[in-house]
Structure formats: C-alpha cells, structure tokens
Amino acid sequence: MGSSQEEGLPCQPSQPDHDTGGHGGPDLEGAGRVSTTPGPPGLLTSHPPADSDDTDATGPPAALLEGLLLGDGKPSPHSTRPGPFFYIGGNNGAAIISSYCKSKGWRRIQDSRREDYVLKWCEVKSRDSYGSFREGEQLLYQLPNNKLLTTKIGLLSTLRGRAWAMSKASKAPGGTQARLGKDATAPTLEDLPWTSPGHLRPQRVLRMEEFFPETYRLDLKHEREAFFTLFDETQIWICKPTASNQGKGIFLLRNQEEVAALQAKTRRAEDDPIHHKSPFRGPQARVVQRYIQNPLLLDGRKFDVRSYLLIACTTPYMIFFSHGYARLTLSLYDPHSSDLSGHLTNQFMQKKSPLYVLLKEDTVWSMERLNRYINTTFWKARGLPKDWVFTTLTKRMQQIMAHCFLAAKSKLECKLGYFDLIGCDFLIDDNFKVWLLEMNSNPALHTNCEVLKEVIPGVVIETLDLALETFQKSLRGQKMLPLLSQRRFVLLHNGEADVWPRLGGSCSLRRRLPPPTRQAKSSGPPTPRAPDQPGTRRPVPPPLAPQRPQLPGPSPDPDSAHDGQPQAPGTGDRHPEQEPSPGTAKEEREEPENARPWGGHPRPTPHAPATLPAFRDL
C-alpha cells in the first residue's frame with residue numbers, strides 16, 4: 001500500500017504496488033491501443049502526434065490549455081510556441097500515458113523542474129510540484145495527502161475517525177439523521193440490504209469491523225501493548241510497514257516466540273536516543289492486522305481482487321469505480337507455510353517462483369473468468385445469486401470504497417487539476433464475506449500478461465479522459481453529467497450537490513457555486529434561472545473558509561441527484577459488471593460541523609480574471 005516516501009524529502013523513486021520485478025524500462029505492451037481508443041469530442045484530440053519525445057522549448061501552459069480546452073481542441077491563436085507539454089516521472093505505465101498524450105499532439109519533456117506542463121504524472125510526490133502547481137491551468141496526478149487512504153496507518157486512522165463520528169452522531173437525540181439534518185425518507189446506500197450466502201439482512205450503517213480486519217498500530221504504545229496482551233497462538237497476525245508495497249517488510253506472527261521478538265525489537269527502537277532526536281531516522285511505523293485464515297480458494301490457491309477508485313476531479317468531487325482483475329498465488333494455500341509467496345498474491349512476490357515464467361498467465365484472471373468459476377463451482381452449492389461477482393461482490397466493493405472516500409473527503413486537499421487513481425485490494429473469505437485489505441497509491445500499470453494487456457490500458461485511458469473532461473466542465477462552469485468519456489467506470493459520488501466550502505480544501509478559483517441541497521425555507525418560490533447562466537452579482541460577505549469552485553444552476557433535486565449513487569453509461573443496456581450499487585451513502589451528504597452553507601448569499605460569477613491572469617490576457 002502506498003509508498004515509503006515522504007513528500008518533499010530526498011528519496012528513491014517509488015515502485016508501483018506490485019509487478020515491477022524485471023522491468024528496467026518503460027512498459028511498451030499495450031501502448032499501441034491508446035491511439036485507437038476514441039476520446040470524447042473536444043478533449044484535446046485534434047493535434048497530429050509529435051515526432052520528438054522531448055523538447056527544450058517553453059510555452060505558456062495557461063494559454064495553450066485554454067485554447068485546447070475551451071477552443072474545442074484547437075491551439076490558442078495567441079501562442080506560437082511549441083507545446084503543450086507533459087511530464088512523466090518513472091516507468092509505471094509510462095508508455096501508455098506517453099502514447100495517449102502524443103496522440104493529442106502534446107510533447108514530452110524530461111526535466112522534472114519545468115513548470116510549463118499541462119499534465120504531470122509522477123510515481124513520487126514532490127513538495128515542489130504542489131508548490132508550483134497552477135490551479136485551473138494544469139493537471140497533476142496524485143492528491144498531495146492521499147496517504148489518508150493509501151498508507152496502512154492513514155487508512156486505519158481515517159476509518160476510525162469516521163466510525164467515531166458516526167457513533168457520536170447516533171447517540172444524539174433522534175439518531176444520526178436528526179443530528180446531521182438528513183431526510184429520513186431519502187434512499188441511502190447503506191440502508192439497502194446486501195446478500196451473503198444463506199441470508200439477507202439490512203445494513204443500515206457500514207461498520208468498520210465488518211469489512212476491515214482488526215488492526216493495531218505498533219507506533220502507539222497503548223495499542224501495541226493491547227496487541228501483545230490479546231495475542232494467542234490460535235491466531236495468525238500479519239505485520240506490515242505502513243507505507244511499503246510489493247510485500248516488502250511483511251511477516252507473519254504465529255507463536256509467542258515471534259511476538260516476543262517483535263516486542264523486544266519495538267522496545268529497543270523506542271529506547272534508541274536517535275529515534276527520539278530524529279523521527280525521520282527511526283524505523284518505519286508498522287501495523288499488525290488479524291490474518292484472514294479462511295480465504296476463498298480458486299483451485300486450492302489464494303487470491304484477491306484489484307479494483308480501482310478514481311478521483312477524476314476534486315472541484316467538485318467526481319469519484320468512480322472500475323473493475324480490475326483477480327490475482328492468484330502459484331502455490332497451493334497452506335496457512336502454516338512460512339513461504340510468503342503462498343500468502344501474498346501480488347506479482348512481485350509471484351515472480352520469485354521458478355514456475356512464474358511458465359505459469360504467469362494463470363496468476364491473473366479477468367473478472368469474467370472469476371465470475372464463471374464462481375458460477376460453476378459455488379453458485380448452487382453455496383446458494384449464491386447468479387453472477388455473484390458482478391452483482392453482490394461489485395456492490396459490496398462499491399459500498400466499501402464509497403465509505404472510505406467519504407471518511408476522508410473533508411480532509412483531502414482539493415484543487416482544480418488534481419486527480420488520482422487508487423488501487424483497492426479485496427479478499428473474499430470462504431463465507432463469501434468481502435474484506436478490504438488496503439488501498440494503494442501509484443497502482444501497478446504494467447502489462448506483462450494477457451489479462452493485464454486487456455485491462456490496464458483501458459483503465460489508464462479512461463482515467464485521463466475523465467480527468468480531462470471533468471476539468472474542462474469545471475473550468476467552464478458546466479454541469480458534469482452526462483460524461484461522454486465515461487465507458488467502464490461507474491460513478492460513485494457526484495459532488496455537485498456538496499455543501500461548500502469544504503474543510504481541507506485549498507482551491508483559489510472563485511466561481512459560481514450551486515445552492516446547497518437543503519435550502520432555507522422561504523415564503524415564495526425560487527426565482528427560475530437558466531442552468532448555465534450566472535446570476536446577478538451582488539456584494540458577497542467575507543467567506544468563513546476558502547471559496548470553492550462549483551457549477552452554476554438550480555438547486556439539485558436530492559431525489560434525482562447522483563450523490564453517491566453509482567451511475568454507469570448506457571444504463572439501458574448494461575453489462576453485469578456495470579451494475580450500479582444501490583442508493584446514496586448515508587454519510588455522503590454530511591458536512592463537518594464547522595462547514596457553513598452560503599446562507600442564501602449570492603456567489604461569485606463563473607469567471608475570475610484576477611485569479612487567472614493568463615486567461616484574462618487572451
């Protein structure tokens with residue numbers, strides 16, 4: 001999960017979360033498909049491919065980006081310099097991304113210090129990249145503080161914070177909905193039932209312990225002492241560094257001797273004076289997590305499922321789900337084995353086996369193949385619904401991913417141009433219960449087997465398409481839906497109905513915001529207004545928090561807005577894998593206690609010349 005690097009600190013390039021062994025250069029497989037995938041009209045597709053892979057010429061990215069985005073793909077007539085430019089740091093998916101950008105006439109630059117790019121995709125987050133980022137003019141991959149979701153401790157703390165907030169709200173008079181001002185009749189994602197073998201039960205609140213294994217932090221004394229006290233040899237626990245990937249630094253705890261050794265090691269580290277003087281030189285923080293000893297097996301082998309959470313836009317939030325693939329071990333599962341390759345499914349671990357060269361195609365299954373196997377092997381024997389993978393499993397993964405995002409939403413840094421693709425790993429136990437293992441920044445985008453060649457390029461291309469289209473619509477002040485570039489991704493959360501400003505946001509663009517979903521009562525009907533036309537500008541009082549860009553238009557109907565409800569394109573003829581998950585997450589319409597609605601005051605018009613000087617001068 002995640003990366004071991006701290007932002008702004010000298011470090012080696014991070015590795016994708018798995019599947020990098022043996023890769024010394026850019027992955028060329030699958031890259032040829034990029035140019036054949038049509039993008040939506042007007043999304044930077046009119047340029048012929050550039051011949052050069054690098055250039056030393058410079059050009060104003062704001063003018064170029066506005067000319068391309070707002071001029072339906074045509075370069076700005078005010079700029080005669082080469083460009084626009086893109087930068088890729090690292091090899092993970094570089095060939096696919098580069099081919100995509102070149103097909104739009106963009107030119108690749110190799111100097112990471114240059115600031116005249118329109119797209120920057122890096123494996124390693126850099127403080128300088130965020131410091132020089134020009135909001136509304138550039139696209140930058142990875143949210144600055146995505147570690148809230150993509151490190152072990154970050155995700156654990158985020159989920160605990162959500163659980164605490166929901167517990168506190170539920171104790172208020174009238175329950176959670178009364179405290180949070182909810183419409184008790186509105187359908188919610190977590191009000192609807194979900195299917196498990198043999199029974200159907202309502203799931204009113206998604207509780208952390210139902211999808212996330214019991215976990216303790218070893219960097220906190222009271223938590224590690226609690227773990228050392230409760231451990232017994234009937235259990236297996238797995239110890240993980242908080243920010244490593246590829247299975248590095250992971251080991252199992254199965255007996256008192258191993259736990260005693262870990263206890264002594266943590267005490268030595270705590271007593272080390274260097275650790276107290278310089279926390280950066282201390283050992284990396286770790287967690288211990290209850291190991292799921294009864295995983296569902298495919299022909300006797302352990303597997304997990306990689307899915308994707310896409311944050312295509314942060315102003316407003318546009319959050320999507322996409323299927324990925326199943327990852328299997330080469331060896332048969334033995335809970336007592338000390339060989340980690342039988343416990344960890346990622347490709348980096350499987351490549352260590354001498355059998356990998358011969359059997360690598362059988363270590364990655366498509367979701368369609370997994371669905372066929374479940375139908376054939378377990379459908380009738382375990383009383384599962386038909387196509388369990390594309391119905392129950394899909395909906396459950398969407399529920400969990402939406403819950404995790406909502407838990408972090410108010411704390412994530414959001415600027416127009418930030419986007420992120422996060423790999424989410426799920427394990428299914430032999431009772432068909434779905435567990436979230438971890439969420440990964442910089443998910444592996446290599447295509448070293450046939451299934452990955454079919455899955456990865458499509459995921460990357462649609463990620464970039466959706467990031468560009470949502471950026472364009474937010475910049476123009478247009479409504480987000482429908483999205484012409486949405487194909488396989490399923491919409492989990494449409495933030496157009498969110499109450500602004502958000503906590504944790506740092507957006508400086510000042511554009512018109514829609515009224516909040518819950519409006520104050522008035523004696524007369526609201527004044528009608530064309531959906532894409534700004535209202536009359538009047539003086540605005542000083543905001544209580546930084547103003548956030550959002551789209552113009554009338555107040556969204558809470559019964560029809562897609563706030564948290566997965567929406568797939570072409571719902572009239574939907575593949576089972578695009579089955580939307582039910583309802584809107586109950587917490588999704590929450591707002592932090594100190595986040596205030598605009599209270600009826602008019603908001604700024606869509607254009608803000610003072611904050612976009614390059615656009616003003618055109």
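The backbone N, Cα and C atoms fix where each Cβ goes, glycine too.
Swiss-Prot lists 1-76 (among others) with the feature region 'Disordered'.
Swiss-Prot lists 57-74 with the feature compositional bias 'Low complexity'.
Summarising the annotation, Swiss-Prot assigns domain 'TTL' to 82-479 and lists sequence analysis as the type of evidence.
Positions annotated as ATP binding site by Swiss-Prot: Lys240, Gln246, Gly247, Gln289, Arg290, Tyr291, Ile292, Lys302, Phe303, Asp304, Thr345, Asn346. Arg290 (ATP binding site): 15 other CB atoms within 10 A of its CB, across all protein chains.
The protein binding site annotation in Swiss-Prot covers Gln246.
Following the DSSP three-state reduction, the secondary structure of Glu438 (Mg(2+) 1 binding site) is strand. Positions annotated as Mg(2+) 1 binding site by Swiss-Prot: Asp425, Glu438.
The feature Mg(2+) 2 binding site is assigned by Swiss-Prot to Glu438, Asn440, with similarity to another entry given as support.
Swiss-Prot lists 503-618 (among others) with the feature region 'Disordered'.
Among the features that Swiss-Prot reports, compositional bias 'Pro residues' is placed at 539-557.
Marked as compositional bias 'Basic and acidic residues' by Swiss-Prot: 585-594.
The two recorded residues, Gly247 (ATP binding site) and Glu438 (Mg(2+) 1 binding site), show a Cα separation of 12 Å. Proximity of Phe303 (ATP binding site) to non-local residues of its own chain (separation of 6 or more, Cβ distance below 8 Å) is seen for Pro295, Leu296, Leu297, Ala326, Arg327, Leu328, Thr329, Thr345, Trp365, Leu370, given in sequence order.
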